[in-house]
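Taken straight from TrEMBL:
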type   : residues  : note
COILED : A:51-81   : coiled coil
REPEAT : A:101-133 : repeat 'WD'
REPEAT : A:191-232 : repeat 'WD'
REPEAT : A:233-276 : repeat 'WD'
REPEAT : A:277-318 : repeat 'WD'
REPEAT : A:330-362 : repeat 'WD'
REPEAT : A:363-395 : repeat 'WD'
């Protein structure tokens, strides 16, 4: 639980100031150098260098973009669904609502599973955050936040705490206690402070750090104990709506999606964006890594879900149908990555065959928009939360 | 792609330089062919599909959500 995931790996002597700092790559007159973040910022803010004008920088950016597209296109030798033709088709699916969790007084906005595969935390527009036992549908804990629209909530890996936030611009951590005499709200700890609403939060591999995304266009990594900002991630041109951490075996990266239609992959240690994808036609509401960590899926207001492969550095599949015209609010993969569950604003959940690109099933049940969806940690079920005030567990 | 690039006045020098730096870094990346990446995604799926309870359903007795019995706790 106490293992530090935040390790400064790219660490050494800055080429400019020679101090021992975390380093990032910069280009000075086409030479590749390693600068610390302070020197990199100073260099970026410098006045124009010789032979540089704003126009020349812009045209350089345009030509680099063109070159990037060319490089990516060269490797586009086949489509995923073509490679997947030899895979057996999936059989008929019988998935039904097995549990309905009722108790929220208003729209359910977010939910998360506990690692024990049984408990669920959910948050809603009325400011309430509830912890449920999904087997029995009993409510185990409830706390009322001082703000409405609690848009993000997360369960700590240990199962001993939850984090939540929304219009209060903060992410707060509440330790969970079974002591009837203790007031949960009294032990609240404010960890993150943004300058706009909190849209998503997630603990890293331990209870010690939290990653947040905000309407202020940034993501940030915080130390829970001290509330200190460990790293911030700038690059989105508009509100960041979602984030997902890479599965632990594949390293310290995470992906975020925002209202600027971009999905960006970040290195948690250096704070740099390592890859960016801009093929969606509207806000990206949800991003989720493929279980192997080599790809991620996104759900957007443009009514499509897309799969991006990180090593091929491009979009490899689109999950859409002419009949689907409402935005996808939330996506998640099944355990093997073969199925993609997506909740839509037309009250339905579509189940997609990730490899073949076809829809295998459509699930009805909710009476309003599906706002959040997560598969349980052992893959036996998935839970969806909706604006109809309920959560449903499907299996 | 077009944000920040359309109007001359809003893009400051540092933003433009940062954008160029970012693109240079992204251009240097090592990429693999889609056929290779797709094959790896398929391989991962095939290796794990047997353990996926939503594709190969486990017997109802082992799936706590599909079980018919109701859970009661002894207080």
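Just so you know, glycine gets a Cβ as well, placed from its N, Cα and C.
With helix defined as DSSP H, G or I and strand as E or B, the repeat 'WD' (A:330-362) counts 0 helix, 19 strand, 14 coil. Tertiary proximity for the repeat 'WD' (A:101-133) is limited to same-chain residues at least six positions away from its ends with a CB under 8 Å from its CB atoms, namely 139-155, 157-159, 162, 164, 166, 174, 176, 200, 368, 371-372, 374-378, 380, 383, 385-387, 389-393. Taking Cβ pairs closer than 8 Å, the repeat 'WD' (A:233-276) reaches residues 5-10, 22-24, 37, 196, 199-200, 202, 204-205, 211-221, 282-289, 291-294, 296, 298, 300, 308, 310, 313 in its own chain, all 6 or more past its ends. Among residues of the same chain six or more beyond the repeat 'WD' (A:363-395), those with a C-beta under 8 A of the stretch's C-beta atoms are 95-102, 104-115, 117, 120, 122, 124, 132, 134, 329-336, 341-351.
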